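See structure below.
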Amino acid sequence: VGFKAGVKEYKLTYYTPEYETKDTDILAAFRVTPQPGVPPEEAGAAVAAESSTGTWTTVWTDGLTSLDRYKGRCYNIEPVPGETDQYICYVAYPLDLFEEGSVTNMFTSIVGNVFGFKALRALRLEDLRIPPAYIKTFQGPPHGIQVERDKLNKYGRPLLGCTIKPKLGLSAKNYGRAVYECLRGGLDFTKDDENVNSQPFMRWRDRFLFCAEAIYKSQAETGEIKGHYLNATAGTCEEMIKRAVFARELGVPIVMHDYLTGGFTANTSLAHYCRDNGLLLHIHRAMHAVIDRQKNHGIHFRVLAKALRMSGGDHIHSGTVVGKLEGERDITLGFVDLLRDDFIEEDRSRGIYFTQDWVSLPGVLPVASGGIHVWHMPALTEIFGDDSVLQFGGGTLGHPWGNAPGAVANRVALEACVQARNEGRDLAAEGNAIIREASKWSPELAAACEVWKEIKFEFKAVDTLD
């Protein structure tokens, strides 16, 4: 029969350096740290086996199927520069291993079991190449960047947002009041914090009602379309959809979901509902650092970002870049492009291991939020460009005169930066001067500049921003 019981080395079956990848394969780049004494070929083959058809011993039922057709293959291994005992192992998976339109199944297969594997000291999924044949089975973002701009009638600049603080403890009425002040002052959006769901001090239905009132009042006063990210995340999918239905009945433009804590199945369900009912979907990445913070173990955020674009979301938080190290800036911009663009070339300097073709799947707006204020505006405008959402929580609500003047300061700073850029001025070199000039005409901006002036404006021109 040719069946021989016993344990055999993975590399005999799953390490195939001669393999030529197919256009339909899902390709993965793993950072593998083998246990002492385990050769990299065996470690890479073990990853390929455990995340596809393999098990720890030979089983007679292998003879009932065609392993060559279904097995994952480790087809290339390269050492990580500057690290000892770390390797990038490239694995190709046949498309038939995955259920169509299911990010959940894709992750269960590729990262579900293999991370606890004894032969590995650590394992990190650095990147995935999703083939067009698989992408075409996903709806993707409910609307995408262009449709969102058309819905909001806002063009030629980044959108402005603000997370309402304190995030927990306000009553629904006071929460709605804070929303109204920010929107009236000139912001496009305000936001529920990721952990605002339906707590005893503020039940979700009350919050939705008062926020809708704030939206309609501020729209009437400013003549602009406004929105508030109403967090629909809940303990069950049914409850989540119930909240989204109520938001739609109120006529508001956008809802929100925590896609990692809520899960990909719930997220994809909500994204389908949002497309069918004309709601935009804002995605928060709460819990991402548990998965992506360690350099040698876990999943890099660029993979989670790709998964979100497949599962569906119109905005996603993607870090701020400002004040960070140069290398992190390039890597952040790498996955920002993966979210927005239709076609992204392989570029290892930006952490992009594979060329990715999104075949017309709508793009996702990256959201910069966390510790930013008016002095960062030139840097953010230059780095992120027009297709982004800039969110100032404390940078709006921390204004000495209140929320509405804080919103005015941010809007004036943004309009000044966009105008300066359109006139051909160098935001990197002249950023501070541009903000100072604008503050002469805006007492609100002048007050904001004074409050945050001791925080340095750390931004040098970067050549790799094209």
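In case you wondered, yes, glycine gets a Cβ from its N, Cα and C as well.
Since we're looking at a predicted model, the values are computed, not measured.
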> Per Swiss-Prot, which one of Arg203, Arg285, Arg293, Arg340 shares the substrate site with Asn113, Thr163, Lys167, His317, Ser369?
Replying inline: Arg285
> Which of the binding-site residues listed here (Asn113, Thr163, Lys167, His317, Ser369) have a Cα atom within 10 Å of the Cα of His284 (active site, proton acceptor)?
Replying inline: His317
> Name the residues of the same chain, 6+ apart in sequence, whose Cβ is under 8 Å from the Cβ of Lys165 (active site, proton acceptor)?
Replying inline: Asp193, Gly393, Gly394, Leu397
>> Using the alpha carbons only, what distance in Å do you get between Lys191 (Mg(2+) binding site) and Thr163 (substrate binding site) once rounded?
In response: 5
> Among the binding-site residues Asn113, Thr163, Ser369, whose Cβ has the fewest other Cβ atoms within 10 Å?
Replying inline: Asn113
